[in-house]
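Lifted from TrEMBL, the feature list:
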SIGNAL    1-24  signal peptide
DISULFID  33-113  disulfide bond
DISULFID  67-119  disulfide bond
DISULFID  68-121  disulfide bond
């Protein structure tokens, strides 16, 4: 008889241990299902992948074409993306508007550089940019705009590497 309370205690502890999340894990409730997972680990992995994708996507542009490509990308965001990124949240809309204004200002400065012939695009870079536009235009307008807004960090990381 003395063994059964000990067995019950050990069984209870092992049962509760299986319900406790491991380090960094959180318990998510998906309807009736409970799942323990680490979103931090997933996000860290995705961030690493995304960083490599940034290098792969934008490294194809020659450094001599960076001014022109940046001008094209800023124009793309101002003319195509920000116009279609509206939400029900006025705070988010104001932030999008603020980013759009910053892009306009930067594009204007790059435009002055282009006027002085210091900002030219090579044929290869122009073709690659046309591919970006074709991919964008192949999607639903609102979905494409939101996707592009979600990838804005890729462009900003690439631009910051120009310093």
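From the backbone N, Cα and C atoms, a Cβ is placed for every residue, glycine too.
Feature map: TrEMBL annotations on the structure.
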| residue | record | Cβ contacts under 8 Å, 6 or more apart |
| --- | --- | --- |
| 33 | disulfide bond | none |
| 67 | disulfide bond | 110, 113, 114, 118, 119, 120 |
| 68 | disulfide bond | 114, 119, 120, 121, 125 |
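In this structure, the disulfide-bonded residues under consideration are 113, 121, and the one with the smallest number of other Cβ atoms within 10 Å of its Cβ is 113.
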